[in-house]
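Enquirer: Just lifted these from TrEMBL, have a look:
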COMPBIAS  9-25  compositional bias 'Polar residues'
REGION    1-25  region 'Disordered'
TRANSMEM  42-61  transmembrane segment
TRANSMEM  81-100  transmembrane segment
TRANSMEM  107-125  transmembrane segment
TRANSMEM  131-149  transmembrane segment
TRANSMEM  161-180  transmembrane segment
TRANSMEM  200-220  transmembrane segment
């Protein structure tokens, strides 16, 4: 009996040691994967895209009514812009990604084009003076920013792996948190010191165009690899 007990105890100890070594090995592999993903340029592209999209969305929603009033639009019409935005928000979040799912263009290309167009509409917005023109541009802005925000996690899963999505979202949150906290100061600077939101919209528009341009090289390289071609040296 004692011999059997010793054998069982030895086997149990061996099993525990093996399990501990396996767990340590898996932990080391996960850590190695995360450290490796820190060198993946797509991680920083998606953080840049997500931060730009969320900040643009936040600024737009907090200023569009005041901007409309400055342009001579009534308060009822100005507030109705937010109500009308629910439909393009749904289209941008669910409808536009279908274009990528159906193969009409790549997911990276969709985000790139969305940033370019979002930037152009933000730049055009200060030129809008009537309710109809402000509403039309605003609906396009909402649709495109919804697409950018929703595609963020999809591209993270594509290029980093599903297991890294939460890690990447956490990094995005750390970057955007200071911006959101300083949002009143940023908006107040343009409103109080410059007298209007026009330049704020232009800055956001220019930055979105810049993000779209940054996406251009990796997206084109990816499309060339997908089509079996290589870039011309």
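Glycine residues also receive a Cβ, built from the backbone N, Cα and C atoms like all the rest.
For each listed feature, how buried is it and what is near it?
Expert: Residues 82, 111, 115, 118, 122, 138, 141-142, 145-146, 148-149, 152, 155-156, 159-160, 164, 168-169, 171-172, 175-176, 179-180, 183, 186-187, 200, 204, 207-208, 211, 214-215, 218 of the same chain, all 6+ positions outside the transmembrane segment (42-61), place their C-beta atoms under 8 angstroms from a C-beta of that stretch.
Tertiary neighbourhood of the transmembrane segment (81-100): same-chain residues 61, 64-65, 68, 106-107, 109-110, 114, 134-135, 138-140, 142-147, 149-151, 154, selected by CB-CB distance under 8 Å and a gap of 6+ residues from either end.
Long-range contacts of the transmembrane segment (131-149) within the same chain: residues 49-50, 52-54, 56-57, 60, 64, 67-68, 71, 73-74, 77, 80-81, 84-85, 87-93, 96-97, 110-111, 114-115, 117-118, 121-122, 124-125, each at least 6 residues beyond the stretch ends and with a Cβ under 8 Å from a Cβ of the stretch.
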